[in-house]
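Worksheet: the structure to be examined is printed underneath.
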């Protein structure tokens, strides 16, 4: 096949000459048309070609007609307008080269009958399974003043306890809490952190497929934000119950779920039947007459009774399934082909079963131990085989044949099981019965009998003649059947060789003739690549009436070897170019050119009409009935035998091979996509913790030798520590809570500085009032058991804040407030005019100390009396000595307090 530019060399699956073509093959051909020139032909039937610059007189004022080529409906079914050009097919086929024909042996016996061929069932056992689990979603967040930050989450799947599974299967509900015991500690998680254990209804999930139904309690996970400047971790709980399909493959020692979960337990294990069990037995439970809901999402609570229900507990899921009897739900063999007419030939060591419709011979070794099939081996398909044999017999053989014995079961060398039901013609069956009865009557009695009549003797001779006739007929029939079978086998072998060689010349025509439909074929090495042709829109095919090609300036460039056609694909209005091929095939492209001949005459067939071209220009239409046919068919006087078409044997179809694997990729990807859609993705940034400066310093130090490397490590360690410390500070400050603490600390420091500054300023301005507040107050003293109230007024018109008078001097304006003038205290007795000595100073300090102790006691007493008042609290006033020793932290005394000396 000639390759065409633009064809994508990709193999497209699921396309064969017998099956349905997928859209992928259409896409393949659309890729071919991408390089085709898209034109819009004129809608008129006749087009006048102008002369232009061409000097050929034959082109002047020539009327060229574009022909609408229609195909008759009878021919359209076999050879419609189609495209068969492709670089690579989708199926690979080859001719059988190892056909073995056993020569006829007159001593072998051949018989005809009905043959059923059973193959091993590779499809897995499919059953309903349930999974029970809870999804715990823990979400950590931080609440700021105006924003709520989601910091992360963790998802965990846990198995439901068995007591809660009973609630799910009976009520369609599950609880909003989950308890886990780790060591001696018990942990309980609640849905939405509400600290209440309630029940939630199951409902159908939106995501699912035909084989998997998922029931959940929560469609969207909720999250409760925390308080301002605090972290909070919330829990959202979702019960997930899945009704899906489990698959187990022969020998049924494990099964697989669509989610990829593998359980190493036979689905038929019931606890005592000896089936495979490779899991923890304490986690396995089985119940009889178990009640389970048909639909967990329905409030109708319609249940069904399961004879045996098994559950297996795992850490993250509980798996349940119905336990059935293996002999009732599975069969190791499955019917492959039914051969209505077959021939079995018996040889010395084997039986050969010839299936004419399959063009195959199946061999059974007589002495192979594998041929001994037990009743248990055929139990699962014995009844079906008997019904099928009776159906074929009543349809095709009831009037002319009888069954020869019962059906027998045989195993071929390829592992197939053949059910053989021998047939015998009714006339031969009657002769055989008569011969057997004659033999029985001849040997049935040894007693002496009365001489028979002459006609009885004649009857004995006729029985012998019948027996001889039967034996002779059987021999001739067996010989005829043997020769026919051998000749038929040799003919098929030679035909296969001839077709194999012819396919190297034109594989498309040979394969089209074999399969009876137009196909595109190409020899690829020692095999043939096969694909089906694509039909175009039959009503849009238009043949160009001119096979000459001119340049833009009107010069003749050459001539097309095949007529140019316009066409459109189905369900498309885009017009494309091609060339007309044999049997209505459209060849893609217009590159098939040749040198123009002067006296050219050609006829091209499209449909049931011939189109005549002279000098590469269409002249007229020709009826094909006017052209004689070369008849190569030699008609037989007898009825011809049925034609035998080659058939590609497929022991297992593509669907069976796809379903044979327990790991269904499509189901696994659906389950994966379901889980993926439910995930919340968090983007993380990866930051290099090493600063670029330290990294450059380390590289520089490494170049200075061992000493530099050591210094670099020390500097790097110190720099790393400093960087970590600074990073910690930056992290603390950038944290909202840390920033608030720093702000409060700064405000406190500023307040403390202002307070200290004001105290120091007041002490500097009035130090005597600050350190000795008692001096500016009214003094009450007791001297010599006499109470004298002394006031120290200042000059007239001034306040009484003046200091006491010096000894020996009468203060101006002072007067005795408690006694008469005669009894006034004389200042001379106190040593008027003399300075205070050290002893006087000591007595004054002692007096101040006694005054300080007295005031302190009064303050303590006053504090105890006012402790009952909750609205005010008076702090203990420090004494004078304390003020002198610790001048900081003084508090100003009240003006109404008295000082007693």
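A Cβ is built for glycine as well, from the same backbone N, Cα and C atoms used for every other residue.
Owing to the predicted nature of the structure, the values given are computational and were not obtained by experimental measurement.
These come from Swiss-Prot:
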- 60: N-linked glycosylation site (CARBOHYD)
- 66: N-linked glycosylation site (CARBOHYD)
- 141-147: region 'Involved in fusion and/or binding to host membrane' (REGION)
- 197: N-linked glycosylation site (CARBOHYD)
- 226-233: region 'Involved in fusion and/or binding to host membrane' (REGION)
- 270: N-linked glycosylation site (CARBOHYD)
- 289: N-linked glycosylation site (CARBOHYD)
- 328: N-linked glycosylation site (CARBOHYD)
- 372: N-linked glycosylation site (CARBOHYD)
- 398: N-linked glycosylation site (CARBOHYD)
- 406: N-linked glycosylation site (CARBOHYD)
- 436: N-linked glycosylation site (CARBOHYD)
- 537: N-linked glycosylation site (CARBOHYD)
- 623: N-linked glycosylation site (CARBOHYD)
- 737-757: transmembrane segment (TRANSMEM)
- 794-813: region 'Disordered' (REGION)
- 852-864: compositional bias 'Basic and acidic residues' (COMPBIAS)
- 852-901: region 'Disordered' (REGION)
- 872-883: compositional bias 'Basic and acidic residues' (COMPBIAS)
- 890-893: motif 'Internalization motif' (MOTIF)
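Highest Cβ count within 10 Å among the glycosylation sites 197, 289, 398, 623: 197. In the region 'Involved in fusion and/or binding to host membrane' (141-147), helix, strand and coil residues by DSSP number 0 helix, 3 strand, 4 coil. For the pair residue 289 (N-linked glycosylation site) and residue 406 (N-linked glycosylation site), the Cα-Cα distance reads 42 Å.
Across the compositional bias 'Basic and acidic residues' (852-864), DSSP classifies residues as 13 helix, 0 strand, 0 coil. Nearest in space to residue 328 (N-linked glycosylation site), taking C-alpha to C-alpha distance over the glycosylation sites 197, 372, 398, 406, is 372.
Sorted by the number of other CB atoms within 10 A, the glycosylation sites 406, 537 start with 406, the lowest. Separation of the C-alpha atoms of residue 372 (N-linked glycosylation site) and residue 406 (N-linked glycosylation site): 17 Å, rounded to the nearest whole number.
Residue 623 (N-linked glycosylation site) and residue 537 (N-linked glycosylation site) have their C-alpha atoms 24 Å apart, to the nearest angstrom.
Counting only same-chain residues six or more apart in sequence, the Cβ atoms lying under 8 angstroms from the Cβ of residue 270 (N-linked glycosylation site) belong to 286, 308, 310, 323.
Considering only the glycosylation sites 197, 398, 406, residue 537 (N-linked glycosylation site) has 398 as its nearest partner by CA-CA distance.
A separation of roughly 16 Å, to the nearest angstrom, links the Cα atoms of residue 406 (N-linked glycosylation site) and residue 398 (N-linked glycosylation site). Mean pLDDT, taken over the motif 'Internalization motif' (890-893), works out to 50 on the 0 to 100 scale. Across the range of the region 'Involved in fusion and/or binding to host membrane' (226-233), the DSSP-based residue counts are 0 helix, 4 strand, 4 coil. Calculated from their C-alpha atoms, the gap between residue 197 (N-linked glycosylation site) and residue 398 (N-linked glycosylation site) amounts to 74 Å.
Following the DSSP three-state reduction, the secondary structure of residue 328 (N-linked glycosylation site) is helix.
According to its DSSP assignment, residue 406 (N-linked glycosylation site) is in a strand.
In this structure, residue 372 (N-linked glycosylation site) belongs to neither helix nor strand by DSSP; it is coil.
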